[in-house]
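Participant: Dropping the structure in here first, questions after.
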Amino acid sequence: MVDGNVQVKRSTVHLVRLVAAAVLLALVLGSVIEAGDAPYRAAGTAYPGFADVLAYVLLRVVAGLAGATALGALVYSVCCTAVTGRGRLDVDGYSGLRLAERAGLTWLLSALALIPMTAANVGGLTFSGLFRIGALGALIDASEKPKAWIVVAVLAAVVTLGARMLLSWNGAVVLLLVAAIGVLPPAMVGNAGEGPNHDYGTGAMIIFQLAISVLPGLLWCVADHLRRNGSHAETAVRRGATIALLCVAAAALSGLVLWVILLPWSDVFTTGYGRLALVVVAVGVGLALTMRVVLKHREPGARTAFLIACSGALSAVSLAATVAMAVQPAPAFADRSFTAQEVFLGFDLFDRPNLLRLITLWRFDIVLGTAALAAIVLYVLGVLRLWRRGDEWSRWRTLSWIGGCLALLIATSSGIGTYGFAMFSMHMITHMALNMFVPVLLVLGAPVTLLLRAVPAAKRGQVHGVREWVLSVLHSRPTAVIAHPATALSLFVISLYGLYFTPLFESLIRYHWGHVLMNVHFLIVGYLYYWGIIGIDPGPRRLPHLGRLGVLFAVMPFHAFFGVAVMSMNTVIGSRFYTNLQLPWNIDLLADQRVGGGIAWVSGEIPILLVVGALLTQWVAQDRRTAVRTDRKDDDYGDSDLAAYNAMLEQLAQTRR
């Protein structure tokens, strides 16, 4: 890229990356040497030896960087490059896909290798010793950590094959979502998911891991974009730096939560874990300052390319430091015993729920609680933009959206959500709220319509923005499939029977990430279902109002039968988990389950009435609009049908004469 007769050479970028690799290697080597066998003594397992541990940590760094590179490259292709008239990525976006493909292959191979290596490391065995005694299957079955790499390998394979085969922008969005999920499993089974307050730790780690994983690949691609004189360079730099700055801010806030939970202040300078945390903080500060400089220096020249390349290298070092921290036990857990509730819930519940505790006992859901508050802020900002422009927006829609977001916050973060971790009945309240009540209010808020009216369209020749992205997703084939009434209805029913009448619920409820996954699933499925029935936002082709009413009533017998079936069962759903909690005030698990079944049975009535009212109101309003259009057309052009009918009557009368 040229800036005042100064050209960024490929060798300069390679030198920056080579220096970063050397620093990264030294960082990992130093952390492994310093830690020694202490992590294994703390876990009560044998020390596999320096060579095996170093190989394990280095391979984890390779896998982490490869996954982050694939994710960041897809973010670059989706957000920072142009789209052709046929919905395909341009040359710059295609380069991001190619990088995602190469990184995805490395990610896949390293994840496959990490399955047995992680099993050996957890069991205190050398890699060769694992196969010599034939303990691979038993160790994988006994620990969640090697299973996490199985999930990563599957998702990495999807990213690799998809990046090889797809060229469309919508396809890149799907791959981005897959890659974002793929970088999470190893972090979910690490320090943040263990011990006291791991409900906070898991939520914070989800945000932190996603934020730091975007940076290396994104900054790599933007620097390469400048080096090769890519099109729309200023837009690529501005968007890339803005996304990077937002990621640093998200990592800082979530990282602060993790710091409080995992790292006592007394251990910051005295432990290797603490010193690695200081490296991450220092890199984060450097990245934030650098991105601010890049955003101020609008000319995308040699200086900008060099700063972005250096920032990408620093972000890789930071990611390696977090991996080195992940393979060590957190200092906060050293020499401390936990209660059964702290192990499974992250906190203690000393008494049964009552109205006062449900109102006052809050544990903020960092993922969905943050999403609810952010959704309120963004929606209000959109409404204010319309008002300043002189446009009207329905107050009922605004109240509906805010009410839905507040209901989401209450269902996940108040005493209802807190006790929902430990009691089936309270969990069922959360499920019904997220699946049947909250989505109704959110759908009636018409957020997409607000966004399309508040956000200006990209000008001709400009890179597509948020408005164009949303329209592309709404009219895509995957959206048409999942939003189809038959699909939405099937997902709604399968969510009930497939979750609770199979071992899946027992597997998910043991972990906080499982609760987050279930809650997100309930919310999305409910939103898709009600979007097709009472949705105001544009989207795939919808059924007539009578057909929508039929889809609404079709789910009622399935819902009622589910509630009755749960109340009639003689076995406890999730019995192993609820028994291990050892709650002295919740001894009769079957009685609590019957209460949960009753809640599932009766809780669907109020949302159904609300939806029927909204649907009938929309139906009447549409008939009125149709009548008004017809009358206006008749006034302007006359009623041709009525004229033809009168002519026919007149002709019949003349014939009879």
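Backbone N, Cα and C atoms are what each Cβ position is placed from, and that goes for glycine too.
TrEMBL does not curate its annotations; it predicts them automatically.
Quantities reported herein were computed from a predicted structural model and do not represent experimental measurements.
Just lifted these from TrEMBL, have a look:
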type	residues	note
TRANSMEM	53-84	transmembrane segment
TRANSMEM	105-128	transmembrane segment
TRANSMEM	148-167	transmembrane segment
TRANSMEM	174-192	transmembrane segment
TRANSMEM	204-223	transmembrane segment
TRANSMEM	272-294	transmembrane segment
TRANSMEM	306-327	transmembrane segment
TRANSMEM	366-387	transmembrane segment
TRANSMEM	399-424	transmembrane segment
TRANSMEM	436-458	transmembrane segment
TRANSMEM	512-530	transmembrane segment
TRANSMEM	598-621	transmembrane segment
Participant: Cβ pairs under 8 Å only, please: of the recorded stretches 53-84, 204-223, 272-294, 436-458, which one is richest in them relative to the transmembrane segment (512-530)?
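Facilitator: The stretch with the most close Cβ contacts to the transmembrane segment (512-530) is 436-458.
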Participant: Using Cβ atoms and a strict cutoff of less than 8 Å, what residues sit near the transmembrane segment (272-294) while being 6 or more residues removed from its termini?
Facilitator: 27, 31, 34-35, 215, 237, 241-242, 244-245, 248-249, 251-252, 255, 259, 263, 304, 307-308, 310-311, 314-315, 317-318, 321-322, 324-325, 328, 330-331
Participant: So if I exclude everything within five residues of the ends of the transmembrane segment (148-167), which remaining residues of that chain have a CB under 8 angstroms from its CBs? That is, six or more out.
Facilitator: 63, 66-67, 70, 74, 88-89, 94, 97-98, 100-101, 104-105, 107-108, 111-112, 114-115, 118, 140, 174-175, 178-179, 181-182, 185-186, 188-189
Participant: At a Cβ cut-off of 8 Å, and with pairs 6 or more apart in sequence only, do we get at least 3 pairs between the transmembrane segment (306-327) and the transmembrane segment (366-387), yes or no?
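Facilitator: The transmembrane segment (366-387) and the transmembrane segment (306-327): touching, no.
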Participant: Can you name the far-off residues of the same chain, 6+ from the ends of the transmembrane segment (53-84), with a Cβ under 8 Å from a Cβ of it?
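Facilitator: Residues packing against the transmembrane segment (53-84) from afar: 24-25, 28-29, 31-32, 47, 90, 92-94, 96-97, 99-100, 103-104, 106-107, 110-111, 113-114, 117-118, 120-121, 127, 149, 152, 156, 159, 163, 169, 172-173, 175-176, 179-180, 182-183, 186, 212-222, 225, 230-232, 235-236, 239-240, 243, 316, 319-320, 322-324, 326-327, 463-464, 468-469, 472.
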Participant: When each of 105-128, 174-192, 204-223 is checked against the transmembrane segment (366-387) for Cβ pairs under 8 Å, which one has the most?
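Facilitator: The stretch with the most contacts is 204-223.
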Participant: Which bits of the chain, at least 6 residues beyond where the transmembrane segment (436-458) starts or stops, bring a Cβ under 8 A of a Cβ in it?
Facilitator: 375, 379, 382-383, 385-386, 391, 393, 396-398, 400-405, 407-408, 411, 464-468, 470-471, 474, 523, 526-527, 529-531, 534-539, 603-604, 606-607, 610-611, 614
